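Novice: The active site, nucleophile feature in TrEMBL is assigned to 140. Residues or ranges marked as active site in TrEMBL: 227, 229. Positions annotated as domain 'GMPS ATP-PPase' by TrEMBL: 254-443. Residues annotated as ATP binding site in TrEMBL: 281, 282, 283, 284, 285, 286, 287.
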C-alpha cells in the first residue's frame, strides 16, 4: 500500500506522488520517528510514551505493564491481561525505572525475546526496576534476565526446546495453584537457567530444563521459561490470572464501558469548543472513531466521506444511512466516481493503480477540507497494533502501516487518536456499545484502493460491476451458512481471464471469477478456509446464474505465505 494512504489517516502533503523513499525511522529516547522524504523536505510522524497522560489512563483503571524484548508473542501477553478486565500496555524495554514509577503499574511483565542474555547486542532493562517494590513476572528471556540480575546462572542449552514440552511442578509452587502436577507448556528457547538465584525457589522442571519456573515470594519476583500467553500452554491463563489477581492484587475493573466514559471526557477536555475533522470510510476503525468523537462533542465533528466508486455493493448508501441519518452526524459526501475512473482508465499495473488512487484521494480530501473553516483537529483510526508494529524497536520487520504518515505543513491540525490503546476486537466491542450496527462493526477487512485491486488489469465499469455483484453474493451466502464470524476474510477477484463455456445450449466466452477465503489470527499468516462443499456449490451456482458475463468459478487454495491474502 502507498505509505500514508488510508481513509482514516493523517494525510500527507500533495507532493506524496513524488515520494523518494520511506523508512521505518529511528529511536530517540522512547520516541519513534517515521520519515517521509518528499522532494527536498522531510515530514515526521511520531509516537511517544510521553504523549500519554498517565493520570487520565490510571484514573479509573489498574495497569499491568509489559516490557518488550522482541518476542513474537508479546502482543498476546497484553491481550491476555486485558481479557481478565485489567488494563495492560506493551512498551519498550528501555523504559527507565523512573518512567515506570510515574506510570504506577500494579505489575510488570518482562516478555520473551530472540537474544541471548550474554550477547553483545542483547536487550537489557533498567535494573532498578527490580527494586521498585512492584511485582515482576519474567517470561522466557525475561526470566533469564531476572535470574542473571539476582545471581543465578544462565547457559546455552545443548538441547533447545521449541514447541510443546511437559513440565513437572515441585511442592507448593507459586502461581500454579489448583493446576495439575504435570502439564503441557509451550517452550521457545535456546538458553536456559541452570541455577536459580539465591533465595529463589525452583517451582517447575522439564526433562531438558532443570529450572522451568522460579519464584521469590518475599521479593514478589516470578519467572517461567515457557510462554503462558500461548494457547498451547494448557494452564497458561491460570498462571497469568494468578499473577495479576493474587500477586498484583488487581480487581479487574477495566471495561470498554469505562473506556468510553474516560475517553469521551478526555476528548471534551482536549477539544473544548473547537472543531474536529474525520475522514469516514465506513470501515470499522473510522466508523468507531467517528461515533466515539460524536458522542463526546456532537456537531463539533465534521466527517468527509469520499465515494470513489470502488466500494462494495450498497456500501456508500449504508454509510450515509447509519451515520448521517441514524447518528445525525455532519457528513460531507463527495461523489468522485467519475474522477477516479477517468484517472484509472487504461492502467493495469497494480502499484500504479494504488498510487493513482492514493494521490487522487488526497487531492479530493484536501479540496474539501480547504472549504471548511475553523477546523483544529484531525481524527485518525490508529489502533494499538499500529502503534506497536510501527513504533517498536524490537520488531524484526516493521511494516509501513497506512495509519503512519506526516501532517502536511499547510494543514495545521492537531491529531486525535482515541483508539490507539485498543486492539481490533476491543474496537469492535466499543463500536457495538456505541450503537453501530453489526453489519459495520463486523465488516470484512477492505483495502484502501477498494475493488480496484481485486480486478487484475484495467478498472472499468463492467469489471467493477462483476466484482461488486459477485462479492455481494459471496458475503450473503457465507452469512447464511453461519460462517461470517469464522472466516477471517473472504472476497471475489476478477483475474482477467476468459474461458469457453456452455449456457442454455449455447457457447459462451466469458469471465472467470475467483473466490478467496482465508482463516487467520492476525493477518500476518493465513490458510485457505475449508468452506463446506455444499456451500461452495450454492455460491458457484448463484455466481454463474446471477452475475452477467461469468461462466466459471475457481477457488483459491493457497496459504500465506507463499501467496498474499489479496491478489494485488
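The backbone N, Cα and C atoms fix where each Cβ goes, glycine too.
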Novice: For residue 229 (active site), just give me the three-state DSSP call.
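Specialist: In the DSSP reduction, residue 229 (active site) maps to coil.
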Novice: Considering every residue in the domain 'GMPS ATP-PPase' (254-443), what is the mean pLDDT value?
Specialist: 84
Novice: Within 10 angstroms of the C-beta of residue 283 (ATP binding site), what count of other C-beta atoms is obtained when all protein chains are considered?
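Specialist: I count 20 other Cβ atoms within 10 Å of it.
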Novice: Residue 282 (ATP binding site) to residue 229 (active site): how many Å between their Cα atoms?
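Specialist: Cα-Cα, rounded: 33 Å.
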Novice: About how far apart, in whole Å, are the alpha carbons (Cα) of residue 229 (active site) and the residue listed as 'active site, nucleophile'?
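Specialist: The Cα atom of residue 229 (active site) is 11 Å away from the Cα atom of the residue listed as 'active site, nucleophile'.
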Novice: Hey, of 227, 283, 284, 285, 287, which of those recorded positions are within 10 Å of residue 140 (active site, nucleophile), Cα to Cα?
Specialist: 227
Novice: Same-chain residues six or more away whose CB lies under 8 A from the CB of residue 227 (active site)?
Specialist: 71, 73, 112, 139, 140, 185, 186, 187, 188, 233, 236
Novice: When DSSP states are folded down to helix, strand and coil, where does residue 281 (ATP binding site) land?
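Specialist: Its secondary structure by DSSP: coil.
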Novice: Sorted by position, what residues of the same chain at least six away from residue 284 (ATP binding site) have a C-beta under 8 A from it?
Specialist: 424, 427, 428, 431, 440, 441, 442, 443
Novice: Using DSSP reduced to three states, classify residue 140 (active site, nucleophile) as helix, strand or coil.
Specialist: coil
Novice: Could you tally the C-beta atoms, other than its own, that fall within 10 angstroms of the C-beta of residue 287 (ATP binding site)?
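Specialist: So the number of other Cβ atoms within 10 Å of residue 287 (ATP binding site) is 28.
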